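Worksheet for the structure shown next.
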Amino acid sequence: MNDTTPVIIRQLGRQAYFPIWQAMQDFTDSRDSSSQDEIWLVEHDPVFTQGQAGKEEHLLAPGDIPVVKVDRGGQVTYHGPGQQMMYVLLNLKRHGLGVRTLVSALESCIVDTLKEYKVDAYPKADAPGVYVDNKKVCSIGLRIRRGCSFHGLALNVNMDLAPFQRINPCGYAGLEMVDCTQLGGPDSLAVAGPAIAEKLCSLLGIASVENKEGFDE
């Protein structure tokens, strides 16, 4: 990366899904070539999100958990407490990135983080995300608009995985989910969030970051 402008890493705490999705869209629509890139670390209240390719039959029994149809790639997944979301709001041209390269970097930042805990995680060529023993620990879904990315990844850290049984996760019937705590990996968002953000920046050649709490007033 040739640009020396710091990437902002924003710690947003626990938030409802819809306002953060709206903020991502507003940020992407209003940014220009001089806007700083940002990475958002956030934890969501329980919600199912249905991607652009989503099919209703994969929503088995959502019950009292709301379903939001969103503009990312992929099928249905679940977000909730104890899961680390990392949203990547990047100007792809600035970083010399193609979409596939960004997806690979997102997968690698999880694989590399878990490797430090002696957990053997891996991506799958035909099903984006990160897996351990055929169980999924991280889901990935992106949207590119005007050459800029938004959405990102969801890493199961220390959470109630039961809501995943109400759907076919990512469109795969019977796909088992797992979290980092079960694997002996990082057991809190306070540890996992900064670790994966640091790994991603390293993989993308981002040398300068600026850490912030919450949104600017």
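Glycine is no exception: its Cβ is also placed from the backbone N, Cα and C atoms.
The domain 'BPL/LPL catalytic' annotation in Swiss-Prot covers 33-208.
Among the features that Swiss-Prot reports, substrate binding site is placed at ARG72, GLY73, GLY74, GLN75, VAL76, THR77, TYR78, HIS79, SER139, ILE140, GLY141, GLY152, LEU153, ALA154, with the record citing sequence analysis. Neighbour density for GLY141 (substrate binding site): within 10 A of its CB lie 24 other CB atoms from the protein chains shown.
Here Swiss-Prot flags LYS136 as site 'Lowers pKa of active site Cys'. Under DSSP, LYS136 (site 'Lowers pKa of active site Cys') is assigned to a strand (E or B) in the three-state scheme.
For CYS170 (active site, acyl-thioester intermediate), the number of other Cβ atoms no farther than 10 Å from its own Cβ, over all displayed protein chains, is 23. What Swiss-Prot records for CYS170 is active site, acyl-thioester intermediate.
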Distance [Cα-Cα, Å, rounded] between CYS170 (active site, acyl-thioester intermediate) and VAL76 (substrate binding site): 5
